[in-house]
Amino acid sequence: MNAEGHSAEGPWGDLVVVAVDGPAGSGKSSVSKAAARRLGFAYLDTGAAYRALAWFALQRRVDPTDARAVADTLPDFDYRIGTDPDGYHVMVGEHDVTDAIRDPDVTAVVSAIARVPEVRVRLTELFRAIMAGTSREGIVVEGRDITTVVAPDAPVRILLTADEHVRMARRSAELTGHSAATVGEQLRNRDRADSRVVDFMNAAEGVTTVDSTDLDFDQTVDAVIAVVQREAHA
Ligand SMILES: Nc1ncnc2c1ncn2[C@@H]1O[C@H](COP(=O)(O)OP(=O)(O)OP(=O)(O)O)[C@@H](O)[C@H]1O
Ligand SMILES: Nc1ccn([C@@H]2O[C@H](COP(=O)(O)O)[C@@H](O)[C@H]2O)c(=O)n1
(Lines of atoms letter the chains of each structure in order from A and count residues from 1; the text may use other names and numbers.)
(Lines give C-alpha, C1' and ligand atoms only; values in the text may rest on other atoms or scores of the structure.)
(Ligands and ions follow the chains in the order given, each with its own letter.)
Protein backbone atom coordinates (compact mmCIF):
# COMPACT_ATOMS: atom_id res chain seq x y z
CA MET A 1 0.00 0.00 0.00
CA ASN A 2 1.43 3.44 -0.85
CA ALA A 3 1.28 6.63 1.22
CA GLU A 4 -2.17 7.53 -0.13
CA GLY A 5 -3.63 4.10 0.56
CA HIS A 6 -3.66 2.63 -2.96
CA SER A 7 -3.31 -1.09 -2.31
CA ALA A 8 -0.39 -2.81 -3.96
CA GLU A 9 -1.56 -4.99 -6.83
CA GLY A 10 0.38 -3.95 -9.91
CA PRO A 11 2.53 -0.82 -9.98
CA TRP A 12 -0.39 1.56 -9.46
CA GLY A 13 -2.37 -0.55 -6.99
CA ASP A 14 -6.06 0.29 -7.36
CA LEU A 15 -5.33 3.80 -8.69
CA VAL A 16 -6.97 4.18 -12.12
CA VAL A 17 -4.23 5.73 -14.26
CA VAL A 18 -5.51 7.04 -17.59
CA ALA A 19 -2.50 7.68 -19.85
CA VAL A 20 -3.14 10.02 -22.81
CA ASP A 21 -0.60 10.86 -25.53
CA GLY A 22 -0.89 12.74 -28.79
CA PRO A 23 0.58 15.41 -31.06
CA ALA A 24 0.41 19.18 -30.48
CA GLY A 25 -3.09 20.61 -30.66
CA SER A 26 -4.82 17.22 -30.54
CA GLY A 27 -6.79 18.31 -27.47
CA LYS A 28 -4.78 16.42 -24.84
CA SER A 29 -4.93 19.12 -22.17
CA SER A 30 -8.45 20.41 -22.68
CA VAL A 31 -10.05 17.00 -23.24
CA SER A 32 -8.07 15.28 -20.44
CA LYS A 33 -8.95 18.04 -17.98
CA ALA A 34 -12.66 17.86 -18.86
CA ALA A 35 -12.66 14.05 -18.65
CA ALA A 36 -10.90 14.16 -15.26
CA ARG A 37 -13.45 16.66 -13.98
CA ARG A 38 -16.37 14.45 -15.03
CA LEU A 39 -14.77 11.30 -13.61
CA GLY A 40 -13.78 13.00 -10.32
CA PHE A 41 -10.14 12.15 -11.10
CA ALA A 42 -6.95 14.17 -10.69
CA TYR A 43 -5.35 15.65 -13.81
CA LEU A 44 -1.63 15.85 -14.59
CA ASP A 45 -0.32 17.97 -17.50
CA THR A 46 3.25 16.70 -18.06
CA GLY A 47 4.05 19.18 -20.84
CA ALA A 48 3.81 21.91 -18.19
CA ALA A 49 6.95 20.54 -16.49
CA TYR A 50 8.98 20.65 -19.71
CA ARG A 51 7.66 24.13 -20.36
CA ALA A 52 8.47 25.26 -16.79
CA LEU A 53 12.03 23.95 -17.12
CA ALA A 54 12.33 25.81 -20.44
CA TRP A 55 11.10 28.97 -18.68
CA PHE A 56 13.63 28.39 -15.86
CA ALA A 57 16.50 27.88 -18.33
CA LEU A 58 15.58 31.09 -20.18
CA GLN A 59 15.46 33.01 -16.88
CA ARG A 60 18.98 31.80 -16.15
CA ARG A 61 20.12 32.70 -19.66
CA VAL A 62 21.05 29.08 -20.34
CA ASP A 63 21.41 28.16 -24.01
CA PRO A 64 18.53 25.66 -24.58
CA THR A 65 20.63 23.78 -27.16
CA ASP A 66 23.45 23.21 -24.64
CA ALA A 67 22.36 19.86 -23.17
CA ARG A 68 24.99 19.92 -20.40
CA ALA A 69 23.98 23.41 -19.26
CA VAL A 70 20.28 22.46 -19.33
CA ALA A 71 20.92 19.30 -17.27
CA ASP A 72 22.91 21.40 -14.79
CA THR A 73 19.79 23.46 -13.97
CA LEU A 74 17.91 20.38 -12.71
CA PRO A 75 19.15 20.40 -9.07
CA ASP A 76 17.77 23.95 -8.63
CA PHE A 77 14.49 23.32 -10.45
CA ASP A 78 11.87 23.56 -7.68
CA TYR A 79 8.69 22.54 -9.52
CA ARG A 80 5.11 22.13 -8.32
CA ILE A 81 1.84 21.61 -10.19
CA GLY A 82 -1.77 21.40 -9.07
CA THR A 83 -3.56 18.18 -10.03
CA ASP A 84 -7.10 19.36 -9.25
CA PRO A 85 -8.71 19.88 -12.69
CA ASP A 86 -10.46 22.91 -11.22
CA GLY A 87 -7.33 24.33 -9.58
CA TYR A 88 -4.69 24.18 -12.27
CA HIS A 89 -1.53 26.13 -11.41
CA VAL A 90 2.19 25.74 -12.05
CA MET A 91 4.92 27.04 -9.73
CA VAL A 92 8.70 27.27 -10.02
CA GLY A 93 10.04 28.25 -6.61
CA GLU A 94 7.92 31.23 -5.57
CA HIS A 95 6.98 32.16 -9.16
CA ASP A 96 3.51 31.36 -10.47
CA VAL A 97 4.38 30.47 -14.08
CA THR A 98 0.95 29.17 -15.11
CA ASP A 99 0.64 31.77 -17.88
CA ALA A 100 4.33 32.42 -18.57
CA ILE A 101 4.96 28.82 -19.71
CA ARG A 102 2.52 29.37 -22.63
CA ASP A 103 4.58 32.28 -23.90
CA PRO A 104 5.78 31.80 -27.52
CA ASP A 105 9.42 32.25 -26.36
CA VAL A 106 9.01 29.20 -24.12
CA THR A 107 7.15 27.17 -26.75
CA ALA A 108 9.95 27.91 -29.23
CA VAL A 109 12.64 26.25 -27.08
CA VAL A 110 10.76 23.54 -25.18
CA SER A 111 11.53 20.75 -27.66
CA ALA A 112 15.29 21.38 -27.24
CA ILE A 113 14.90 21.13 -23.46
CA ALA A 114 12.79 17.95 -23.76
CA ARG A 115 15.36 16.09 -25.81
CA VAL A 116 17.98 16.15 -23.01
CA PRO A 117 18.09 12.58 -21.58
CA GLU A 118 18.77 13.69 -17.95
CA VAL A 119 15.73 15.96 -18.16
CA ARG A 120 13.46 13.12 -19.31
CA VAL A 121 14.69 10.79 -16.56
CA ARG A 122 14.24 13.40 -13.82
CA LEU A 123 10.80 14.54 -14.97
CA THR A 124 9.57 10.97 -15.44
CA GLU A 125 10.50 10.27 -11.78
CA LEU A 126 8.68 13.42 -10.76
CA PHE A 127 5.51 12.47 -12.70
CA ARG A 128 5.43 9.00 -11.16
CA ALA A 129 5.80 10.47 -7.66
CA ILE A 130 2.93 12.93 -8.30
CA MET A 131 0.73 10.12 -9.67
CA ALA A 132 1.44 7.82 -6.72
CA GLY A 133 0.65 10.67 -4.32
CA THR A 134 -2.88 11.38 -5.55
CA SER A 135 -5.68 10.81 -3.08
CA ARG A 136 -8.35 10.47 -5.78
CA GLU A 137 -9.64 7.23 -7.29
CA GLY A 138 -7.86 7.96 -10.55
CA ILE A 139 -5.65 10.37 -12.46
CA VAL A 140 -5.63 11.41 -16.13
CA VAL A 141 -2.02 12.01 -17.19
CA GLU A 142 -1.33 13.55 -20.59
CA GLY A 143 1.78 14.14 -22.66
CA ARG A 144 3.87 12.48 -25.36
CA ASP A 145 5.37 9.40 -23.67
CA ILE A 146 2.86 8.51 -20.96
CA THR A 147 1.49 5.38 -22.66
CA THR A 148 5.01 4.17 -23.53
CA VAL A 149 7.52 5.37 -20.90
CA VAL A 150 5.94 7.07 -17.87
CA ALA A 151 3.10 4.58 -17.36
CA PRO A 152 3.21 1.79 -19.96
CA ASP A 153 1.47 -0.36 -17.36
CA ALA A 154 -1.50 2.02 -16.92
CA PRO A 155 -4.88 0.25 -17.01
CA VAL A 156 -6.18 2.76 -19.59
CA ARG A 157 -3.96 4.03 -22.42
CA ILE A 158 -5.20 6.36 -25.15
CA LEU A 159 -3.66 8.01 -28.21
CA LEU A 160 -5.68 11.17 -28.84
CA THR A 161 -5.24 12.30 -32.40
CA ALA A 162 -6.78 14.48 -35.11
CA ASP A 163 -5.95 15.33 -38.67
CA GLU A 164 -3.10 17.90 -38.85
CA HIS A 165 -5.22 20.50 -40.66
CA VAL A 166 -7.94 20.22 -38.04
CA ARG A 167 -5.39 20.62 -35.23
CA MET A 168 -3.92 23.68 -36.93
CA ALA A 169 -7.35 25.23 -37.38
CA ARG A 170 -8.27 24.65 -33.72
CA ARG A 171 -4.96 26.09 -32.52
CA SER A 172 -5.17 29.18 -34.72
CA ALA A 173 -8.76 29.78 -33.58
CA GLU A 174 -7.54 30.18 -29.98
CA LEU A 175 -4.51 32.37 -30.85
CA THR A 176 -5.60 35.81 -32.01
CA GLY A 177 -3.01 38.01 -33.66
CA HIS A 178 -1.07 35.12 -35.22
CA SER A 179 -1.48 34.09 -38.85
CA ALA A 180 -2.86 30.61 -39.49
CA ALA A 181 0.23 29.87 -41.59
CA THR A 182 2.62 30.78 -38.75
CA VAL A 183 0.66 28.81 -36.17
CA GLY A 184 0.53 25.80 -38.48
CA GLU A 185 4.24 25.94 -39.21
CA GLN A 186 5.13 26.15 -35.50
CA LEU A 187 2.86 23.23 -34.65
CA ARG A 188 4.32 21.08 -37.42
CA ASN A 189 7.92 21.96 -36.49
CA ARG A 190 7.34 21.12 -32.83
CA ASP A 191 5.78 17.75 -33.69
CA ARG A 192 8.68 17.02 -36.03
CA ALA A 193 11.27 17.83 -33.33
CA ASP A 194 9.38 16.00 -30.56
CA SER A 195 8.76 12.87 -32.61
CA ARG A 196 12.52 12.37 -32.98
CA VAL A 197 12.56 11.70 -29.23
CA VAL A 198 9.32 9.74 -28.64
CA ASP A 199 6.72 8.23 -30.94
CA PHE A 200 3.33 9.78 -30.21
CA MET A 201 1.99 9.51 -33.75
CA ASN A 202 1.41 5.76 -33.70
CA ALA A 203 -0.45 3.85 -31.03
CA ALA A 204 1.77 1.37 -29.18
CA GLU A 205 0.41 -2.15 -28.66
CA GLY A 206 -2.63 -2.12 -26.39
CA VAL A 207 -3.20 1.64 -26.78
CA THR A 208 -6.68 2.75 -27.93
CA THR A 209 -6.80 5.51 -30.55
CA VAL A 210 -9.42 8.25 -30.21
CA ASP A 211 -9.51 10.28 -33.42
CA SER A 212 -11.33 13.59 -32.89
CA THR A 213 -11.10 14.83 -36.48
CA ASP A 214 -14.87 14.53 -36.95
CA LEU A 215 -15.90 14.95 -33.32
CA ASP A 216 -16.72 18.15 -31.49
CA PHE A 217 -15.22 18.83 -28.06
CA ASP A 218 -18.00 17.20 -25.99
CA GLN A 219 -18.11 14.15 -28.25
CA THR A 220 -14.35 13.75 -27.79
CA VAL A 221 -14.65 13.89 -24.00
CA ASP A 222 -17.48 11.32 -24.21
CA ALA A 223 -15.27 9.06 -26.35
CA VAL A 224 -12.40 9.24 -23.84
CA ILE A 225 -14.73 8.51 -20.93
CA ALA A 226 -16.20 5.54 -22.80
CA VAL A 227 -12.69 4.07 -23.16
CA VAL A 228 -12.04 4.61 -19.43
CA GLN A 229 -15.31 2.93 -18.48
CA ARG A 230 -14.60 -0.01 -20.76
CA GLU A 231 -10.94 -0.54 -19.84
CA ALA A 232 -10.41 0.67 -16.28
CA HIS A 233 -11.50 -2.55 -14.61
CA ALA A 234 -11.24 -4.92 -17.59
N1 LIG B 1 -12.81 17.68 -30.55
C2 LIG B 1 -12.57 18.99 -30.55
N3 LIG B 1 -13.33 19.79 -31.25
C4 LIG B 1 -13.09 21.11 -31.29
N5 LIG B 1 -12.07 21.73 -30.65
C6 LIG B 1 -11.28 20.97 -29.91
C7 LIG B 1 -11.48 19.56 -29.82
N8 LIG B 1 -10.51 19.05 -29.02
C9 LIG B 1 -9.75 20.11 -28.64
N10 LIG B 1 -10.22 21.25 -29.16
C11 LIG B 1 -9.64 22.59 -29.04
O12 LIG B 1 -8.38 22.54 -29.69
C13 LIG B 1 -7.46 23.42 -29.07
C14 LIG B 1 -6.18 22.67 -28.74
O15 LIG B 1 -6.45 21.78 -27.65
P16 LIG B 1 -5.39 21.55 -26.48
O17 LIG B 1 -4.68 22.81 -26.10
O18 LIG B 1 -6.11 20.80 -25.41
O19 LIG B 1 -4.37 20.59 -27.25
P20 LIG B 1 -3.04 19.91 -26.74
O21 LIG B 1 -2.97 18.58 -27.40
O22 LIG B 1 -2.95 19.93 -25.26
O23 LIG B 1 -1.94 20.88 -27.37
P24 LIG B 1 -0.40 21.12 -26.97
O25 LIG B 1 0.28 19.80 -27.00
O26 LIG B 1 0.10 22.03 -28.04
O27 LIG B 1 -0.39 21.76 -25.60
C28 LIG B 1 -8.19 23.99 -27.85
O29 LIG B 1 -8.70 25.26 -28.22
C30 LIG B 1 -9.33 23.00 -27.62
O31 LIG B 1 -10.44 23.61 -26.99
N1 LIG C 1 5.30 13.76 -21.88
C2 LIG C 1 5.79 14.86 -22.51
C3 LIG C 1 5.11 16.06 -22.50
C4 LIG C 1 5.66 17.13 -23.14
N5 LIG C 1 6.86 17.03 -23.75
C6 LIG C 1 7.52 18.21 -24.33
O7 LIG C 1 6.96 19.39 -23.79
C8 LIG C 1 6.47 20.22 -24.83
C9 LIG C 1 5.25 20.98 -24.37
O10 LIG C 1 4.18 20.07 -24.22
P11 LIG C 1 2.65 20.55 -24.35
O12 LIG C 1 1.86 19.28 -24.24
O13 LIG C 1 2.41 21.50 -23.24
O14 LIG C 1 2.52 21.22 -25.67
C15 LIG C 1 6.26 19.30 -26.03
O16 LIG C 1 6.37 20.02 -27.25
C17 LIG C 1 7.42 18.33 -25.83
O18 LIG C 1 8.63 18.90 -26.29
C19 LIG C 1 7.51 15.83 -23.76
O20 LIG C 1 8.61 15.72 -24.33
N21 LIG C 1 6.97 14.75 -23.14
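Each Cβ is built from the backbone N, Cα and C atoms, and glycine gets one as well.
Source: prediction; values computed, not measured.
Annotated in TrEMBL:
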type	residues	note
BINDING	G22, P23, A24, G25, S26, G27, K28, S29, S30	ATP binding site
DOMAIN	18-229	domain 'Cytidylate kinase'
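Locations of recorded TrEMBL features on the structure.
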{"residue": "G22", "record": "ATP binding site", "contacts (Cβ under 8 Å, 6+ apart)": "K28, E142, R144, L159, L160, T161, F200"}
{"residue": "A24", "record": "ATP binding site", "contacts (Cβ under 8 Å, 6+ apart)": "R167, R171, L187, R190, D191, D194"}
{"residue": "S26", "record": "ATP binding site", "contacts (Cβ under 8 Å, 6+ apart)": "L160, T161, A162, R167, S212"}
{"residue": "S30", "record": "ATP binding site", "contacts (Cβ under 8 Å, 6+ apart)": "F217"}
With DSSP assignments reduced to helix, strand and coil, which class does S26 (ATP binding site) get? coil
Using the Cβ centroid of G22, P23, A24, G25, S26, G27, K28, S29, S30 as the reference point for the ATP site, which residues of the same chain not in that list have Cβ within 8 Å? V31, E142, L160, A162, R167
Just how many other Cβ atoms lie inside 10 Å of the Cβ on K28 (ATP binding site)? 26
Any idea what the model's mean pLDDT is for the domain 'Cytidylate kinase' (18-229)? 96
